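Engineer: Okay, these came from TrEMBL:
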- 412-555: domain 'NACHT' (DOMAIN)
- 847-876: repeat 'ANK' (REPEAT)
- 877-909: repeat 'ANK' (REPEAT)
- 910-942: repeat 'ANK' (REPEAT)
- 947-975: repeat 'ANK' (REPEAT)
- 976-1008: repeat 'ANK' (REPEAT)
- 1012-1041: repeat 'ANK' (REPEAT)
- 1045-1074: repeat 'ANK' (REPEAT)
- 1078-1107: repeat 'ANK' (REPEAT)
- 1111-1140: repeat 'ANK' (REPEAT)
- 1144-1173: repeat 'ANK' (REPEAT)
Amino acid sequence: MTSHNALDSPDHYGVAWIAALPIERAAAKAMLDEEHAPPTGFVRHETDANVYTWGRVGEHNIVIASLAAGVYGTTSAATTASSLLASLPSIRVGLLVGIGGGIARPDEDYDIRLGDVVVSQPDGTTGGVCQYDLIKAKSGDRRERKGFLRPPPTVLLNALASIQADHESTDSKVPNFLQQMLKKNPKMNRRSKQSPGYIHQGTDNDRLFQPSCDHVPGSDCRGCDTADEVKRDARDTTDPEIHYGTIASGNSLVKDAATRDRIVADVGVDCICFEMEAAGLMNHFPCLVIRGICDYADSHKNDRWQRYASATAAAYAKELLAYVPVAEVHETKRALEVLNQKLDSVQQTTAAAKLATDSIQADLRTEKIERWLRPSDPSTNANHARELRHEGTGAWLLESPVFQEWHSGSRRYLWLHGLAGCGKTVLSATVLDHLAKGNDRRILSFFFDFSDTAKQTVDAMLRSLAFQLYRGRARSASVLDASFQAHQDGRNQLATKTLSDVLFKMVAVQKKVSIVLDALDESRTRADLLLWIKDVVSRPELGHVQLICTGRPEAEFLRDIPPLIGEGNSLELNKQAVNADIRSYVAAQLSQRREFRDKPLSQDLLELIQTIEEALASLPRTLEDTYRRMIECIPMELKNDAMRLLQFLVHSTRPLKLAEAKEVIATQIENEPRGFDVKRRLFCDTDVLDYCPSLVTVVHAASKELHLAHFSVKEYLLRDERFNITIASIPIARTCLTYLTDINGNHEEIKRDFPMARFAAEVWTYYATFAQASKNVVQTTVRFLEEELTFQRWARLYQSDRAWDDDPGPPLGSRLYYACFAGLVTPAQILIRKGADVNAQGGFYGNALQAASLEGHQEIVKLLLDKGADVNAQGGRYGNALQAASSKGHQEIVKLLLDKGADVNGQGGGYDNALQAASLEGHQEIVKLLLDKGADVNGQGGGYGYALRVASSKGHQEIVKLLLDKGADVNAQGGRYGNALQAASSKGHQEIVKLLLDKGADVNAQGSFYGNALQAASSKGHQEIVKLLLDKGADVNAQGSFYGNALQAASSKGHQEIVKLLLDKGADVNAQGSFYGNALQAASSKGHQEIVKLLLDKGADVNAQGSFYGNALQAASLEGHQEIVKLLLNKGADVNGQGGGYGNALRVASSKGHQEIVKLLLDKGADVNAQGGRYGNALQAASLEGHQEIVKLFEKRGSMTSSLKRSSS
């Protein structure tokens, strides 16, 4: 490759070559015939973060563009393309070239090998690429492809036809280009530990396995079963073959055969490749997709073939370009002219522009929020209560003056309390149904449930309430969206306090909200619940919230709730009210029986009445007597199974499904023949009820869950020694282990045919820890772990260190690792005695010592250390055992590890060091301990920066003091917030801000996302902190980072009082810089009309240019803020002002479909034929985006459609 001077204009480049990975970029660059310097006159768009290489291939001048480092996926690809076209509007066609996973099916004539090339080719139903994560489920087993991805431009399709025809009779030039590449770039031909080279990796390393064969952990497939290897005929040459068909593209990495085959079934049999960028481009950038095959999209993935596959794809791209006439490229419309931005897939809201989302995006966003929050569904409890409710039940409550006053709003709170079994949950459902008849309020509900651990905490309640509000697509949805983004797009979980604050913010923007909370007494976090109720009552911004609760009159509730909500708002459900409901039910039942209708009291009836009275007299007088009699009535032959089923229901972390309950009964652990036998399954689901009549009930018709009939049943059973957790865990653990041992089939068959498989896999270790006193359970546990078949079967179903993964694949840790993670002390001892390696690496947490330290299993930590575990072993999520224990607050384990020589400053893992971990999580005593043992108080590293910064961010004031007293550098830089002062200012921790300033923090220190502390506080709306910083000398006009300055930050977020304060302190109203350009643009884009007025009154330049929006008028027009558009025009905004990504206000309003704004701009003299920006002109913008009413409006105003042709000529 020769070098060349720069071309005289970027317009000479018509072909863009997009590469996602560094190795793909290297291969592309190696195919250049000559490399160019950046062209004269090239100006990178300010939102463009791409990296470009310029050069020539044959007669084509091409530009190679790379995605952001370390980022891949459809949205990142779309962002790269959008940025490229913003900087290079001359680009006409594109090639997306790189690696992908092949879908080899030799028996179906898809004999794809590693290193082969796959090219996207339209087939009539797709444009050559199908986005597999936009396949929607239909009724039955049918699936529907949602949306259509555009085909490549005609000039590339013609070239594709020509090269395919030539390859029928002549060899491809790909091998020649590969040889030339290696000759010109000798390093690419070398093998090393870091790189296997850009050369063929040998047929011995190209192995295809049956879909049912999972990869055995290791760097290659030497441990995989050769019996499962697909035998394929040897090829005559190692030269790559070229395949044409559909490429499946999406955001999730396909890493196992089951997922791969399921997607192929959805996409279609012509699907021959998986990759992760194309779907983001096809509707945004006309391109052809070329992929070198580096793996088979299964669990046998490794990186060995990636470089060679990158090279073969690049070589094919070079060969294809020879079939593309340069003249036809120049005649092809510019990519911008044919750009169709109707999004039917999830798109990135880039730093440059906020793109509108369609219904699919909204659905996918909701699914992400749901996966993040994992909310429980209150409707199951409400529906079950409705099934139990007799018509008319609860009418006395709805008609009572107290409830009427609550419903009207004159009372804000009600607590309905009564003894067990008096119908409180039924009343809650009655209240919900009554509220639902109106449309004057948002209704939220949560039912605490003793039988479901997912419904027993304040945290669970908050998650459910927040998601109910979000799912309604209310105005408050943006609050949760912002929190989702702030928590790394859901990668980090919300703390309960944060979640509560988010919910309050969501509720605060609603007009009227009614919250129904049932069964407070069934919460496991009653103290937190009472604090939350107190918070609701005390917050003035929640004055529109009405709360109604039910529960038993437990001591803490009787003590705390009436003073909180008022004695008059606590209503006891008295016997008279309940008796009224009973009389109503009895009367209705009697009226339906003929022997009681319209007949005089005959002697037979009188005798029947006497019999009934005698039966009533013999009834048990207490609930305890009632339940005792029910258990005594269970037939003897069913009693063992019945008691075992009840033990499951009492101690299960979630309700059992009926199908699971049937498996419990079909698994014999006492009677012969022991074991699980599918023949013992009950024929009918409801036969389960015969085992525990009246003690259990079926809830939720769809999922058929088996619950204890009432909380009082559980309370009664727990008084029986057989239901003590240590006793009950023995039969539960044995049942699960027996079941998992006896089921058979491949992984997919097990998931399909054995409904308790996943549940048993999840819970057996939990119960086995309680049952370690049982020799039988210990022996069974060790045997289960040692046996290869059962260990692999269990791990494929569930891995406790990756509980979030529904299909975790083969085990990544050792048997000892999982035993230690679960806290199985005695089995761990036995495994070690039998030779298990205490230092074996593997699993999400790296090794057994780190796993045990994380979970707080002190006895196992001692055991491992005594048996030679390396206390400083590195790896896994937390880096080392000390960091894991420090993060979770296990102080005794921290002491133990330090006493055994743990490096107090060991680096690595999620927190980088133990001091950061303890500081972030607020474990003050551990922070002291680590510092006393020599922890570096200023140790830097990881995403959090250093200990003082994370403690400041989290509001741990005492830890901040401690760190400062130990010499922490108050001005140290690092991490997301740059320094401790910026972190504390962003999070609103005023006392910490004061403390840091008193200790010498530089009030104007610059760095990181917010630029400085003043920007951070201004952005987040912390007015008192803004005042404090200004009083301490903060530069009100300091520039830098995303928001440019504090005034722009406050203006964009709508913090009007802070804007006033900053202006009063001398903020430059016209200061330029960063994302929004200036404060006026920021406020205009976000719709903050009062701030716009304020800025204009303070002298803001209404026509100031800069940033993506160009000017304030464009910003307001883009986002649809009509009143602000009027205001700006009345203040002298230039209606035809040019600049920014869209060119002018009329063009952007036309593209977004804001018809009233278009009319307003036209009335003010906007030039409909003005050229520029990404669409060319306003008519073209409206046409391309399908806004026909605006097109008609232009035609009425006299605009000629010829302007479309004029812009493209």
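Each Cβ is built from the backbone N, Cα and C atoms, and glycine gets one as well.
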Engineer: Quick one: average pLDDT across the repeat 'ANK' (847-876), no decimals.
Structural biologist: 96
Engineer: Do you know the DSSP helix, strand and coil residue counts for the repeat 'ANK' (1144-1173)?
Structural biologist: 17 helix, 1 strand, 12 coil
Engineer: Where else in the chain does the repeat 'ANK' (947-975) make close Cβ contacts, counting only residues six or more beyond its ends and a cut-off under 8 Å?
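Structural biologist: Hits for the repeat 'ANK' (947-975): 913, 915-916, 919-922, 924, 927-928, 931, 937-940, 981, 983-984, 986-987, 989, 991-992, 995-996, 999-1002, 1005, 1007-1008.
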Engineer: With DSSP as the yardstick, break the repeat 'ANK' (1111-1140) down into helix, strand and coil residue counts.
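Structural biologist: Secondary-structure composition of the repeat 'ANK' (1111-1140): 17 helix, 1 strand, 12 coil.
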Engineer: Report, as numbers and ranges, every residue of the chain located at least six residues beyond the repeat 'ANK' (1144-1173) whose Cβ falls under 8 Å of a Cβ in that stretch; write 'none' if there are none.
Structural biologist: 356, 1110-1111, 1113-1114, 1116-1118, 1120, 1122, 1125-1126, 1129, 1135-1138, 1179, 1181-1182, 1184-1185, 1187, 1189-1190, 1193-1194, 1197, 1199-1200, 1203, 1206-1207
